[in-house]
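S.K.: A single structure is presented below for examination.
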Amino acid sequence: MCVLVGTCGYSSDRDEGTSVLPFDGISLGCDYNPEQWPRSVWPEDVALMQEAGVGFVTLGVFSWGLLEPRPGEFDFGWFDEVVGLLHEGGIAIDMATATAAPPPWLTHRHPEVLPVDREGRTLWPGSRQSFIPSSPVFREYALRLVEQMAQRYGSHPAVRMWHVSNELGCHIGKDWSDVSAAAFRVWLADRYGDVDALNEAWGTAFWSQHYTSFDEVLPPRITPAVPNPTQELDFARFSSDAWLDHYRAERDVLRRHSPGVPVTTNFMVADHQYEQDYFGWGPEMDVVSQDHYLDHRHAHPHAEQSFAADLTRGTAGGRPWLLMESATSAVNWQPVNITKLPGELLVDSLRQVARGADGIGFFQWRASKAGGEKFHSALVPHAGRDSARFREVVGLGAALAAIGEVAGEPVRADVALLHDWESHWACDLDSHPSGELRALDAAHRWHRALTELGATADVVHPESDLSAYRLVVVPTLYLCSDRVAPALEAFAAAGGTVLVTYFSGIVDGHDHVRLGGYPGAFRDLLGVRAEEFTPLPVGATVTLDDGGTADLWTEVLGVTDAEVVARYADGPLPGTPAVTRRAVSAGSAWYVATRLDHAATTALADRLTRDAGVARLDEPQEGVEVVRRGHFLFVLNRGERPVTVPATGTELLGGGAVTGSVTVAPASAAVVRGGR
Ligand code: GAL
């Protein structure tokens, strides 16, 4: 039997939350692309939406070509009709600005708005999102359309939110054209002031890269040998800022004409789209929203989904957020597109609600019959209303309606897992000790182990306030500022537990190595010093003297002020420290200098969470996730057997009164008000 231990994150005496979303309860929603269907289908769409319990739709994302069929000539008649039908049907609108896909007349007239890849190839029209965010020409056309949209619909009662463009940076996170090169130079001049400061930051004494003027600087295009890493890092920063700048430009037009209506754009937090620094974007949003599709190229797609949800909450400063897009079943863009089995849609959706989503949206309402996404799932499949998928969607709508009171409730976690896009970009550049090391890998592994133990983690920026946590995990934080280590020291001194993993604290913000021994910034905090890295060949493993197994990475590590918890029993460094612990006043700082396998990661996470008093399951069970959100306990069972978890209160999905424990069938979930 499981019991929840620890108290910090699970207290029930906190204030009732209020949703930040402009929709009611936990809303069901979807992208609606009516232009793909004859007018006669639209009334049926609205009727079916009502049947499914759809509360909001995102309208107009890819409608530019039909809203402005010729330059400066707008046709809103058909769109007015759709808006009217939705309004009469009681469906709220998340109105897109329609700028995500420029029409052919624009790119034909102005081919200079087309993006260029690293190899110098133009990305031609015929698809979508073929534009450069820094292009003044594109900006002018886009803002003219936004102005029209905002003036026409800005005070329409059905329009509850604005949706800028779509997934800014999707497909074209970076652009290497001359247009972006010019904008990059402006960005660099602003960052460094003069070119000497850039030379210093970029370490241009290396390989004769010294610049005499910003005019000589280019984006990191294809080069004969490894490009300058700080140039790469700054270009990644610039590119994220360029997209954010475009967001701001559209948002400001919306705010002028549609005051009071919240504005969002949908983040892409999943790890295959890792090009925006969303910690910087979050504060610019009235509502944070993300798109997330289960990615079956991952060994553990559901664990990645949980991580992305916790990270989205981090970008929202802990506030509730909106899952703008997900899939009712398969997508169309993975090598093999896996269909959701019965029950999965509900459990996957509630996983997002448990982790802070106040609305669950999907791409898209009706499965397209033409175009590149015709085999992508939808709320209404090709088979139509009379289908198991649509019935499951109706069931989901009912389930979300039943848990509406969860909206606004805070997820509180005892664990912080530190995450930084800049660090990950720098860590994953070329010519490092091991090309097999990926920054996100350690974050995913530790997050998954914690999730399986029933411990919820906030995924937050390294310079966040850590005082509310009991345990802070620092997975492969390769790059960090000088402020991070002292903050962790203070956290540990106040009784907290810190765990840092390999290849952390190595460089400063310019990607310059911190000298004197690894792990640079964290040497004193951890009481260790490594003189060399000893990465392992692919497939090689090492055994630790506590029985654990590890791979990928080892270091020639010495302790200066720490106890050795585990040593290598074999491999290149037998007898040397692999896991250490430094006592810091009432707290402790642990270092894991290798990549532990899942069993060893879980064993260490088990020990640390118990010692630190983190709220978690006492006896974890396979496939079960338990998350406390405010007054509600979510129990998600992805496993093959029923599970029983201690709880007392009222189960909201039809289970009624719960006394002592709740049993959840496989591929199902329970939401208990009151919880324990
Ligand atoms: C998203 C995009 C949608 C749709 C979806 C398919 O990235 O915003 O428009 O293409 O992917 O999974």
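The backbone N, Cα and C atoms fix where each Cβ goes, and this holds for glycine too.
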S.K.: Given that TrEMBL lists Asn166, Trp333 as binding substrate, which residue among Arg128, Arg139, Arg366 does it place in the same site?
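M.R.: Record check against TrEMBL: substrate site with Asn166, Trp333, extra candidate from Arg128, Arg139, Arg366 is Arg128.
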S.K.: Between 0 and 100, where does the mean pLDDT of the domain 'Glycoside hydrolase family 42 N-terminal' (31-402) sit?
M.R.: 97
S.K.: Tell me which of the recorded positions Arg128, Glu325, Trp333 sits in the most Cβ-dense spot, judged by other Cβ atoms within 10 Å.
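M.R.: Of the recorded positions Arg128, Glu325, Trp333, the highest Cβ count within 10 Å belongs to Glu325.
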S.K.: Using the centroid of the Cβ atoms of Arg128, Asn166, Trp333 as reference, list every other same-chain residue with Cβ within 8 Å of it (recorded substrate site), in sequence order.
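M.R.: Sorted by sequence, the hits are Ala100, Gln129, Glu167, Cys170, His171, Glu373.
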S.K.: Listed recorded positions are Arg128, Asn166, Glu167; which sit with C-beta under 6 angstroms of ligand 1?
M.R.: Asn166, Glu167
S.K.: Taking the residues Arg128, Asn166, Trp333 listed for substrate, what is the greatest CA to CA distance in Å, to the nearest whole number?
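M.R.: Taking every pair among Arg128, Asn166, Trp333, the longest Cα gap is 17 Å.
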S.K.: By a 10 A CB contact count over all chains shown, which of the recorded positions listed here is most packed: Asn166, Glu167?
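M.R.: Per the Cβ count, the most surrounded site is Asn166.
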S.K.: Could you give the number of helix, strand and coil residues in the domain 'Beta-galactosidase C-terminal' (623-673) as assigned by DSSP?
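M.R.: Residue counts in helix, strand and coil order: 0 helix, 32 strand, 19 coil.
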S.K.: Given Trp333 (substrate binding site) and Glu325 (active site, nucleophile), what distance in Å do their CA atoms have, once rounded to a whole number?
M.R.: 15
S.K.: Hey, does DSSP put Glu325 (active site, nucleophile) in a helix, a strand, or just coil?
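M.R.: SS state of Glu325 (active site, nucleophile) = strand.
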